[in-house]
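Taken straight from Swiss-Prot:
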type	residues	note
BINDING	15, 18, 19, 61	heme c binding site
């Protein structure tokens, strides 16, 4: 798993503009809560599916693979997965 401290920093610096507190400011129905992620994310709620979404983007969400390194992506995925499962 990724480093949660790195993940928290990456989330705050890159993701929170749209996803603060697990929300989605661009597409309000597609939040980062467990029910929505399970329903809307390609592949459902899994580390692999979240990693793919972060790396490749989809819809309004940009791909981050050219801006974040593997350690940063693994960290932010671990951070998001933990928070989804704990209800932010």
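Note: Cβ is positioned from N, Cα and C throughout, glycine not excepted.
Structure coloured by features recorded in Swiss-Prot.
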residue: 15; record: heme c binding site; Cβ neighbours (10 Å): 18
residue: 18; record: heme c binding site; Cβ neighbours (10 Å): 15
residue: 19; record: heme c binding site; Cβ neighbours (10 Å): 19
residue: 61; record: heme c binding site; Cβ neighbours (10 Å): 17
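Taken residue by residue with DSSP, residue 61 (heme c binding site) is part of a strand. In the three-state DSSP scheme, residue 18 (heme c binding site) falls into the helix class. Cβ proximity to the heme c site centre (mean Cβ of 15, 18, 19, 61, cutoff 8 Å) flags the following additional same-chain residues: 14, 16, 17, 24, 25, 26, 32. For the heme c site, whose annotated binding residues are 15, 18, 19, 61, the maximal Cα to Cα separation is 11 Å.
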